[in-house]
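Annotated features in TrEMBL:
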TRANSMEM  A:12-35  transmembrane segment
TRANSMEM  A:41-60  transmembrane segment
TRANSMEM  A:67-85  transmembrane segment
TRANSMEM  A:97-117  transmembrane segment
TRANSMEM  A:138-162  transmembrane segment
TRANSMEM  A:188-215  transmembrane segment
TRANSMEM  A:227-248  transmembrane segment
TRANSMEM  A:260-282  transmembrane segment
Amino acid sequence: MSDLLLIFTDYTLRNVALGSAMLGVVGGVLGTFAVLRRQSLLGDVLAHAALPGICLAFILTGAKAPLILLVGGGLAGWLAAWLVLAVLRHSRLPEDSALGVMLSSFFGFGVALLTFIQHSNNASQAGLDQYIFGQAATILASDVLNFMVLGSIALLVVGLFYKEFKLLSFDPGYAHSLGLPVRGLNTLLTSLTVLAVMVGLQTVGVVLMAAMLIAPAAAARQWTDRLSHMIGLSALFGAMAGASGALISATRENLPTGPLVVLSMSAILLVSLFFAPLRGLVWDWARTRQNRRRVHLERLLLDAHVLHAHGTLTPQALAERRREPVTVALRNLEALRSLGWVQEHPQGFILTPTGEQKAHELEQAMRVLLHRVEGSS
Amino acid sequence: MIAQPKTVQNPGSGVSSPLSVRDLTVVYREKPALWDVDLEVPAGQLCAIVGPNGAGKSTLIKAVLGLVPVASGQVRFFGQSLEQARKRIGYVPQRGSVDWDFPTSVLDVVMMGLYGRLGWFRRPGRLEREAALRCLEQVSMSEFAERQISQLSGGQQQRVFLARALAQNADLYFMDEPFAGVDAVTEEAILHVLHQLKGQGKTVVVVHHDLQTVRDYFDHLTLLNVQVIASGPMDETFTPENLKQTYGERMRWQV
């Protein structure tokens, strides 16, 4: 609890938490569109491609003003995205290959530039490598202000073009047929994603940035079937991860903020994947199990019904019919009895009236089903 | 029937055909998907485009709507260019072309048909909701308005797409395989809408795959196999020779 209060009193922690939360919000909102348009990997390319831009901005200006470096990174990311599109339009390279090649080329070039700068004996170069994994601890109030401005621009534009972006994500062909400038909107949305990446470069760095685009949106999708709610939840999850990552890293020495923000986000995603109502895996498993169990019992009852009609519903007869050991047949009969479908009888077992009625209903349903299968083929 | 002289280049000269295509060629990589297609669609009729797989039926629709790049050719709508006539044209894409797990409701999808009319920065409001609901009613899908679209059957998806196009309130409709893989209820609903549209004097161009039903459903037929094999009123065009020429010798259907 005392850590939580630090957020209001500790200058560094407040900046770090605010910066990370802002990244979470912007990444969450733009990531929603990236995920829905199946362009998650493009976010990864944008982020990795920023590294050579940062290095070039430093070489050209000799300054380490964060905003200049961020703009350099953003431009490089934007160029990479444009190159991916150009490659896709003019070559037969599949999309994932184009994305992968662009990512590694730009990142490789960035690392090469970084090494070059580090050996150039430029005293002010120290710390440039923080952009690879991020170093949130160095975030200043002026950086937070930058994030706010960049993030606000991105969010404002999303607000303005919300309905167009929605249609573009759902059905670009139809959007085109309505006369919407699909290519322009594509470029705009990609550019906004570049802004989100710029917000994240100092905090989580180029390598982990993609997580802040993909994970909040993927988690949010689990909880809702409405785009507007998904965007809101995604922003909320991103902000929660950002703030809690910052807080956790403040509790001990030598805990890096960026990776902890991403880990917090992964935790939220895991919980969402497993436990979100409707789409959660746990409920899926439970429903499947329940259905299997129900079908198993119904088939059992139908077998019992046949034997009952012959007057030989005994564990031995059931075992023979179902080709299972007598012990299993006994257990199965016990299961049917606990449902009130069979009862014991001097010659073994018989169906109860409830059991008979249920069996009749099942046979009726089977007949309808079979009829439908035949009818449709 | 005497071929109409092609006066389509001068807009405003008399009554222009809803769709007039001249010398349209589309090339994917090396192989032409459409070759030198000429087509005049008569106003106020239900027109089918029929041909074998890979004949370029969908490509033709997409090309006239500017959705795929065109190598050469001219397309006029009511004597106007696509840009000028945009608001008079409605489109029903193949339902398999989108992700139906997208987080949105049936009503939201239908309202998308009004986005072109709404213009920039305006959100759909009460009027748009009511208009969309009326369109859903026309395809008997009112009770599904608030449903998430992933919960729909294939036929219901098709009707949602149809309702979205109806919301556009166009004069000329393009529908890409609306009857493909739908249930009997949906087939009835689509036919009902087609006849309604015809009754309102609108023109509908439908890519169709089923030779058994094409004669009953449509007034005008275009047989396509990369080139236009034949195009005209159903009775004159739906002939064994034309079909053989379109589908090749080994045609599976008895006519």
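Keep in mind that glycine also has a Cβ here, set from the backbone N, Cα and C atoms.
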Between the transmembrane segment (A:138-162) and the transmembrane segment (A:12-35), are there three or more CB pairs that fall under 8 A, provided the residues in each pair are separated by 6 or more in sequence?
yes
How about the transmembrane segment (A:41-60) and the transmembrane segment (A:188-215): do they have 3 or more C-beta pairs under 8 A, pairs 6 or more apart in sequence?
yes
Among A:67-85, A:138-162, A:188-215, stretch most in contact with the transmembrane segment (A:227-248) (C-beta, under 8 angstroms):
A:188-215
Counting CB pairs under 8 Å, which listed stretch among A:67-85, A:97-117, A:188-215 touches the transmembrane segment (A:138-162) the most?
A:188-215
